[in-house]
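> Okay, here's the structure, questions in a sec.
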Amino acid sequence: MTKKEPEQPAHERPTAQRPAQERLSAAETWRALYRYFRPHRWVVALGALCTLIGAATGLAQPLAAKALVDRLGSDDSIAGIILLLTALVVIGTAIESVGAYVLERTAESVVLAARRTLIGRLLRLRVPEVERTQPGDLMSRITSDTTLLRAVTTQSVVSAVAGGLTFIATIVMMGLMDVVLLSVTLGVIVLIGGAVALVMPKIAQSTERAQEAVGTISTALERAFGAFRTLKASGAEARETAAVQAAAQEAWRHGVRSAKWQAVAWSSVGFAVQVSFLAVLGIGGARVASGAISVSTLVAFLLFLFYLIDPVSRLVEGVSQYQVGSAAIARIVRAERLETEDVTEPDRRPERTGPAAVAFEDVTFRYREGLPYVHHGVSFDIPGPGMTAFVGPSGAGKTTVFGLLERFYDATGGRVLVDGRDVHEWPLAELRSVIGYVEQDAPVLAGTLRENLLFGAPGATGDEIQDVLVRARLDTLVDRLPDGLETLVGHRGSQLSGGERQRVAIARALLRKPRLLLLDEATSQLDAVNELALRDVVAEVSQEVTVLVVAHRLSTVTLADRIVVMDAGRVRASGTHDELVAADPLYGELAATQFLATPA
Ligand SMILES: Nc1ncnc2c1ncn2[C@@H]1O[C@H](COP(=O)(O)OP(=O)(O)OP(=O)(O)O)[C@@H](O)[C@H]1O
């Protein structure tokens, strides 16, 4: 009988691929930037003020120079003016450097804020979100993209504002000197400025591509280090190195392209001023000769022209930095939009104690829209305590049962119940505090043995640790190790054997005092001692806790109080070993051929 799957699944969230590829509109980019910039706006305003004062003192210098040239003809002393000029330079520089410090400090704070937000969200991401993205790329958003934010939120804004204001002030001063020469200058600047404006979006595009390539480098490295022994054993060093280098080359290519367009923008500033200078020199010379303006006016105008380099450069810098930053902010915002879980600890302690009851009611599930269904109406009822083994051919959907109980994924249809309550109605942290989960590959984290045990129960006492060590048959191992519990277990527990890793994972799960233990049995063969140790631990625990085991060993299956046989996303039979051997042909075949040959 084939069940009809729901047309539009209730819990399926069609977010697949969405946030990772979405482009941001200019308004969204600006809003996102402003969000980071907002808390610092007054400090940035202070920095901008300092920058402006610095620029204004600079602007006063051509006026002083004009007065100086005017006095050269008379006998008046120029000492006072020189002194004034010197004072302006010193004060201007001092104020500007204070402003620069304030802005740099704020920029660092903006980077910190962006990093904190991202870090706070990334470890709370939903499992499917992480499966859809590349963790290496996500990491590069925290490390690399946030760094690009530094320039844009402070320097870029300040450069644009200060540059804009000084530009206007300089233009006004130039207009006061001579309107004709100002028109010539503006004509040249507008022409060249128009060309620069065309270049700006190219900077953003190239920067975003470069940052994507940096993300690819992290992803490729993460892939290589994540399976380092397999990499070595497969002789894949050269190929993986080439893949990482190709990503680095790609980052270089786009980085260089961005640099090229930035250089075009920058050199245009110098070019515009040079061309204006020549034009002003020619036309200004003619105007001096005709007596329309004085020599000192021409000199002051030319000086203003050179002062224009600074505000125009600032403007161009501000806009090009904004392009660089907007590329980074787009990647940051996309990471921020990934779906997270609410795992805030419940205020109250869970009331219930003792073994948890678990039930699936007609559960349908697929991992993503577009993928085939993995569960086609799974139903079972396990009151607990005791051990229930899930058996069935590979890919039958056994591990998926655990993923749904932990709410790593949401069932597409039907209900998943713990203690008679739908898992959707449980506060997530509370639900997970009830469950101890030992994954098939029994992950052990880099750090000491103690840190690994306390990972799920940081408040556990010494006695509690000792108790689980004995229960997981790890006490003799700890006694043997020179540093005992403080022994470092290496990256992914590389300094422990497979069986030891599994028992560490079980001890870690037990320390959380679960009411429901989910154990995804390793498919690899264990030696007889480890095998027996594990079997005893599980049997012992199942006396007071509900234990669900995805079983691959005959020894586990025969120990189980009940067995659920799954096949192609359905429960096809359940019962004890003897009952099933007699009644279910698939089980009989599995027992005879597929279970790892271990003593029953
Ligand atoms: N994260 C995932 N995303 C997409 N498909 C998945 C995911 N995890 C598992 N699947 C698919 O779901 C199906 C059931 O997988 P599941 O791990 O539940 O099987 P299983 O019965 O535990 O198998 P095994 O005994 O080999 O561990 C498989 O076809 C698998 O390819």
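A Cβ is built for glycine as well, from the same backbone N, Cα and C atoms used for every other residue.
Checked TrEMBL, it gives:
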- 1-15: compositional bias 'Basic and acidic residues' (COMPBIAS)
- 1-23: region 'Disordered' (REGION)
- 42-65: transmembrane segment (TRANSMEM)
- 45-323: domain 'ABC transmembrane type-1' (DOMAIN)
- 77-103: transmembrane segment (TRANSMEM)
- 148-173: transmembrane segment (TRANSMEM)
- 179-200: transmembrane segment (TRANSMEM)
- 263-283: transmembrane segment (TRANSMEM)
- 289-309: transmembrane segment (TRANSMEM)
- 358-593: domain 'ABC transporter' (DOMAIN)
> Mind checking which residues reach the transmembrane segment (77-103)? Cβ under 8 Å, same chain, six or more beyond either end.
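Same-chain contacts beyond the ends: 43-44, 46-51, 53-58, 60-61, 64-65, 67-68, 71, 154-155, 158.
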> Residues sitting near the transmembrane segment (148-173): Cβ under 8 Å, six or more positions beyond its termini, same chain?
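Residues 33, 36-37, 40, 44, 47-48, 51-52, 55-56, 59, 62-63, 103-104, 106-108, 110-111, 114, 182, 186, 207, 211, 304, 307-308, 310-319, 321-322, 324-329, 332 contact the transmembrane segment (148-173) from elsewhere in the chain.
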> Cβ under 8 Å, sequence separation of at least 6 from the ends of the transmembrane segment (42-65): give me the contacting residues as numbers and ranges.
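For the transmembrane segment (42-65), the far contacts come to 81, 84-85, 88-89, 91-93, 95-96, 98-100, 102-103, 106, 153-154, 157-158, 161-162, 165-166, 169-170, 173, 299-300, 303-304, 307, 310-311.
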> Across the whole of the domain 'ABC transporter' (358-593), what does the mean pLDDT come to? Round it, please.
86
> Can you work out which residues elsewhere in the same chain, 6+ from the ends of the transmembrane segment (179-200), have a Cβ less than 8 Å from its Cβ atoms?
171, 261, 264-265, 268-269, 271-272, 275-276, 279-280, 283-284, 287, 292-293, 298, 301, 305, 308, 312, 316, 319-320, 323
